[in-house]
Amino acid sequence: MNLILLGPPGAGKGTQAQRLERTRGMVQLSTGDMLRALVRSGSPLGQRADAIMKAGQLVPDEVMIEMISDRIEQPDCAKGFILDGFPRTVVQAEALDRMLAEKGLRLDHVIEMVVDDAALTERITGRFTCAKCGTGYHDTFKRPAQDGVCDVCGSTEFTRRADDNAETVGKRLEAYHRQTAPILPYYADRGVLKKVDGMADIAEVARQIEAIIAG
């Protein structure tokens, strides 16, 4: 089973990918993580990618495809993969399809985690964490029982991520919609695009994804 999970930062892609790794033995393939590992490997392809990135240029599609091709041939991908961060253009999507076809593989589903931008912004900007034990809270959805005191450890110190602000979240959402807009029709035309409610709770999103996979 080979999937692409689409969704903006904060939609819960990582949570669902980790669950699929745990329950189905699939492997999450983040192109960012793969590029860093490729550069560390010192292979000819890694050296080429490193030189390109150090020059401030985008890594060419053919390098990305070769990197993904090599990665999915590893034994841990035998039960399938979940691709994250690629493709972002129709040209990349077409190249990915060709590469998979040459291996006798295909994408079974492209799952879009659909979110409401305003609601997602509220979800992200309201997050805060106990500075001592790391327990997560939310201004609206999960406040401590006693204001200013952690339910778990009693600490009175809390932190917020610097980038969990409305301006930064808005820019992330804008970038996501701009990047994914071209490839949604491509996968819809091929009958593999499915949608789940990314604003539902984690268990419900998982149920919807499992229903898609079960077919």
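Note: Cβ is positioned from N, Cα and C throughout, glycine not excepted.
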> Ranges 30-59, 60-89: which does Swiss-Prot label region 'NMP'?
Replying inline: 30-59
> Where Swiss-Prot shows Gly10, Ala11, Gly12, Lys13, Gly14, Thr15, Arg127 binding ATP, which of Ala181, Ala188, Ala200 is named for the same site?
Replying inline: Ala200
> Short question: which residues 6 or more past the ends of the region 'LID' (126-164) have a Cβ under 8 Å from it?
Replying inline: none
> In the region 'NMP' (30-59), how many residues does DSSP put in helix, strand and coil?
Replying inline: 22 helix, 1 strand, 7 coil
> According to DSSP, how is the region 'LID' (126-164) divided among helix, strand and coil residues?
Replying inline: 0 helix, 12 strand, 27 coil
>> According to DSSP, collapsed to three classes, what secondary structure does Gly12 (ATP binding site) have?
In response: coil
> Residues near the Zn(2+) site, Cys130, Cys133, Cys150, Cys153 excluded, by Cβ within 8 Å of the Cβ center?
Replying inline: Ala131, Lys132, Gly134, Thr135, Asp151, Val152, Gly154, Ser155
